[in-house]
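Engineer: OK, Swiss-Prot features for this one:
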- 1-153: region 'N-terminal SAM-like domain' (REGION)
- 154-262: region 'Linker' (REGION)
- 195-215: region 'Disordered' (REGION)
- 201-212: compositional bias 'Low complexity' (COMPBIAS)
- 280-299: region 'Fe-S binding site A' (REGION)
- Cys280, Cys294, Cys297, Cys299: [2Fe-2S] cluster binding site (BINDING)
- 372-386: region 'Fe-S binding site B' (REGION)
- Cys372, Cys375, Cys383, Cys386: [4Fe-4S] cluster binding site (BINDING)
- 372-375: motif 'Cx2C motif 1' (MOTIF)
- 383-386: motif 'Cx2C motif 2' (MOTIF)
Amino acid sequence: MTSSINILLLLHPTVVTDAQLVEQIKSKIYQSHNNNNNNNGGTTTTTTGTVNINLNQQIIDRVTKGIIELPYDYYDEIIYINPNNESQYREIPISLMQLIYKLLKSNGKFKGDLPLDQNLDVLMTGFIIEEEEKEKEKEENNLEGELVNVWVKPIPVDEPVVTLLKKKTTTSNTTTIKKSLPLFKKLNKDEINNSDKDINNDNITNNNNNNNNKRKLVETKLTYFSSDDENSSDGSVLENDDIDDDDELIDENDLLNFNNNNNTNGGSLLSDKLITPRKCDISLNGGKKRKKACKDCTCGLKELEELEVSNQQNLQDQILGKLAQSATLEAIKIEERLKQQQQQQQQKVKVKFTEEDLSEIDFTVQGKTGGCGSCALGDAFRCDGCPYLGLPPFKPGEVVKLDGFGEDI
């Protein structure tokens, strides 16, 4: 029984220049699939049959640029050879990862000199990272190999198929019972009229009860206020016959007058009957003021809070106004200082040279000498700022002229 293994060997451009290295890599690949049996080039013989190894060699740059087109879902293994040891030179672009994922079969492996700092990109592409022992030349001595990462393309999981149950069809022998809608009995006209009469009677009784309750409430109010008013201001008792229906109404002015007259006796009608709002006492709250006044405050706390807020705002406005005034004054002072400095600079005495100072100097003429009197002798006798530096010594009778000497001064 024969089977085939398709292997793609991706080589770095630097590896292609060494033909012996490429042949060694190929021989190692054939040996790894030998399984300790006979090997003839690309064919491996096992106990169960022969295995044909189809090895395809490509340069990774050509595959990345799309110069060479490879079949999808074809290769069992893809081996990448990169001689660079530094991780920054082993980076694989994401587009190449996706292409390798498409070239591999399910459960196919991508191994070799892989980068170690791109695990997130590998997982996002769809690979599974596994560890595998690296093959060494010392495997003949039964030494354990170094663990390296291998990218495996997972086997796709088949989605479970859910079968829908069919509706049961009734046979001809079975009889189906259909549920009918509920039936309601229709009322006669006599019953409707009787029900309307009952409803009207109930409404009449309810109205009578409400009127009786209102009358009782009025009577209690009248008895409450008339109990104190039966004694007149003269001390005479009013009889029940003298009290009419109009006299039962109480005037507010009479109550106020009555209250003022009875203040001297230690009691008043308004103080006993009326309920005045209680002021907020700070001592009852442990000496602490309430955080905020009530929504419907009537004790005056809300007005006090508004007054405090307005006082604080006025104080802040005063402070800000003073700061603004001081800032403007400082700015005015700074501007005045700058103006004074500019005026002082303008008033400084400017150095002006006369025509004799700006005229050309001839040291060969008697009486025309420099400040040191030795400029005509040469550079050895000239000062650092002498305009004749670099010129040879002057000869008697030689005319020396300097162009633009006045501009330098």
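Placement of Cβ uses the backbone N, Cα and C atoms for every residue, glycine included.
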Engineer: Which of these binding-site residues has the least crowded Cβ, counting other Cβ atoms within 10 Å: Cys294, Cys297, Cys375, Cys386?
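Structural biologist: If we count Cβ atoms within 10 Å for the binding-site residues Cys294, Cys297, Cys375, Cys386, the smallest count is at Cys294.
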Engineer: Around Cys383 ([4Fe-4S] cluster binding site), how many other C-beta atoms are within 10 angstroms of its C-beta?
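Structural biologist: Its Cβ shell of radius 10 Å holds 13 other Cβ atoms.
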Engineer: Taking DSSP three-state, what's Cys294 ([2Fe-2S] cluster binding site) in: helix, strand or coil?
Structural biologist: coil
Engineer: Could you check which of these binding-site residues, Cys375, Cys383, Cys386, sit within 10 Å of Cys294 ([2Fe-2S] cluster binding site), going Cα to Cα?
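Structural biologist: Close binding-site residues: none.
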Engineer: I'm checking region-level scores; what's the whole-number mean pLDDT for the motif 'Cx2C motif 1' (372-375)?
Structural biologist: 68
Engineer: Taking DSSP states H, G and I as helix and E and B as strand, how many residues of the motif 'Cx2C motif 2' (383-386) are helix, strand and coil?
Structural biologist: 0 helix, 0 strand, 4 coil
Engineer: Rounded to a whole angstrom, what is the C-alpha distance between Cys383 ([4Fe-4S] cluster binding site) and Cys297 ([2Fe-2S] cluster binding site)?
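Structural biologist: Cα to Cα, Cys383 ([4Fe-4S] cluster binding site) and Cys297 ([2Fe-2S] cluster binding site) are separated by 97 Å.
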Engineer: According to DSSP, which of helix, strand or coil covers Cys375 ([4Fe-4S] cluster binding site)?
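Structural biologist: Cys375 ([4Fe-4S] cluster binding site) sits in a helix per DSSP.
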Engineer: Do you know offhand how many angstrom separate Cys386 ([4Fe-4S] cluster binding site) and Cys299 ([2Fe-2S] cluster binding site) by C-alpha?
Structural biologist: 98
